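First up is the structure itself, then whatever we jot down about it.
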Amino acid sequence: MALLQRASYLRLYYLRLMGSRPRLFSSSLSPALHRHSSTLSSPPFSSPSPSFRLKFQLTSVLSQRLIQRNAISSRFLSTEASQETTTSKGYSSEQIQVLEGLDPVRKRPGMYIGSTGSRGLHHLVYEILDNAIDEAQAGYASKVDVVLHADGSVSVVDNGRGIPTDLHPATKKSSLETVLTVLHAGGKFGGTSSGYSVSGGLHGVGLSVVNALSEALEVSVWRDGMEHKQNYSRGKPITTLTCRVLPLESKGTKGTSIRFWPDKEVFTTAIEFDHNTIAGRIRELAFLNPKVTISLKKEDDDPEKTQYSEYSFAGGLTEYVSWLNTDKNPIHDVLGFRREINGATVDVALQWCSDAYSDTMLGYANSIRTIDGGTHIEGVKASLTRTLNTLAKKSKTVKEKDISLSGEHVREGLTCIVSVKVPNPEFEGQTKTRLGNPEVRKIVDQSVQEYLTEFLELHPDILESIISKSLNAYKAALAAKRARELVRSKSVLKSSSLPGKLADCSSTDPEVSEIFIVEGDSAGGSAKQGRDRRFQAILPLRGKILNIERKDEAAMYKNEEIQNLILGLGLGVKGEDFKKENLRYHKIIILTDADVDGAHIRTLLLTFFFRYQRALFDAGCIYVGVPPLFKVERGKNAQYCYDDADLKKITSNFPANASYNIQRFKGLGEMMPEQLWETTMNPETRILKQLVVDDIAEANMTFSSLMGARVDVRKELIKNAATRINLQRLDI
């Protein structure tokens, strides 16, 4: 199903362990190459050998939700083991290093930006962008312009106050140079001396980290009718701070411009910023800050290919929820409110949809997405459960005294966004993935309770619809209880409780064990014969599994193939806390045919994993195997090709009068076990795509529109995707 290529919500990492001959790789998703560094360990039960590893990343346009190709690439990894030598090394004061200035950032960049791959590269943009948004949150900026330049640099310009340039009393440098070269120097530490009452920056490291990891950085500041400029390289100033008087017509100009070129010594993969990834973050910020207009421009050497977009959403979070629920059937209009309590601001927007069986809850703190939740999310959940139970009983909507709706029941079908702005946010780490302020939980809880109680008492029809939806979830949970208990009772890792078709591996260590989910008995037979039984298990599926996007929990647990997946993989029960150690295999590999049916089955499986146990993606357990499409035989030599480009490259090297044979593999069952092992299952020669969810909101939208019940939405998706199909690549 070619529509799988639309999975913009997934950041796909392609891993290839190669022998001596480099190849072009791709899959049905056909990404372009892009450098990305990684570490590599020897495959289980095999001796180490020199190898390459490729990581590829693929992201798509969020607005159209269509795939765009992202580049990525490889780095040679030494196989030398870093072991202690027999000679004891001395350990004295001579071995104690003192890193000064920005040296710690360059020494351990991952501590500050997460990684030196694509994610860390984009984090540099977010650091500068967040600074501009902090100016907007403070009420001093209304416009932010982001440009992805053709030379690989990025510039961010805002019309805020401009970074101060006067002499700093402590460092005896200009304030501009101070914030660019000194860690933990900034104006966002709170208190009466802070330059911001609310900000996403806390540690004073964002701008200096970007400077440290940039081959070159140019900064311009417009303040008080003056223009100040300075250039840096790898964290050090290479010019003095210059100053000139602005011409009369530009006297009122104010703001800051940062343009940086990421350092190739740090980002050893190809340095290429993805337009769609950055566009997604910008759209998010525009929803969160309705008074700001953010533009994004991607320059190209060909002017006709230059892209430009503006993002401005006056409706704020209410408009954000409407956008997320575009493909769903809402029960009511979006509910939204804003409260200010004890210096903190709480914004909440929420809406229930009749055709959704899970919730989407997004949390933000000072415009920073807290992907791991926090006290603001906890406050919303607790308040929703308590308030709706109270209102249901008060209104007599729930008549049975023994019924108590749980959080899962009341949140079924809910899309909720909560954004808090607090003077002193307590984030966990520099990456700010979770909010820890205990007082925020109480503020959010109280705000949600007051608003919902007042609104729903005035609108009993909406209350009745929400409670009805929750009661249906409650009844479905009761109907599924027996099946859930069956799953629990069979979850013990005994062969007698495992699916009959599962060909297990001999290893009982989940870290080295992997399972291939294959399509049908034919492919299952070849895979069982071709695998390495020591660490590779095979689970054949019978036809297409249930589309759980359109089914409730009771129907899901009754499905035999779903039960086999849950029991065979050790997934546990939906809704319970995910524990990776309970999995039977830490690599779950989807291996289907390279045709429409194979893509459909792959999509159904991804839907199941996302809805049933989303944490599998976060834990890095979900992979997609890529079998070859062609086998090229010339004489006694045979080569495998994974796409048309690979095929073209190989055949173009043959003489014009060469005689060779091309075999097209329609399915895995056509391959001999030895071929399947060599091309698709051998850890040293295979291609795997590792899937992780990079944007939960976008992922939810994609699954809803692609696999949901609304035909009109799916039809529109197909029409949009059709315009991007390369007709030359269709197998007709």
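Every residue gets a Cβ built from N, Cα and C, even glycine.
Over in Swiss-Prot, the protein carries these features:
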- E519, D593: Mg(2+) 1 binding site (BINDING)
- D593, D595: Mg(2+) 2 binding site (BINDING)
- 513-620: domain 'Toprim' (DOMAIN)
- K544: site 'Interaction with DNA' (SITE)
- N547: site 'Interaction with DNA' (SITE)
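The Cβ of N547 (site 'Interaction with DNA') has 16 other Cβ atoms within 10 Å, all protein chains considered. In sequence order, P540, L541, L591, T592, D593, D597, G598, I601, G667, L668 constitute the residues six or more apart from E519 (Mg(2+) 1 binding site) in its chain with CB-CB distances below 8 Å. Taken as a whole, the domain 'Toprim' (513-620) shows an average pLDDT of 87 in this prediction. Here the binding-site residues are D593, D595, and the one whose Cβ sees the fewest other Cβ atoms within 10 Å is D595. Sequence-distant contacts of K544 (site 'Interaction with DNA'), defined as residues of its own chain at least six apart whose C-beta falls under 8 angstroms from its C-beta, comprise D597, H600, I601, L604. Mapped onto DSSP helix, strand and coil, the domain 'Toprim' (513-620) counts 54 helix, 17 strand, 37 coil.
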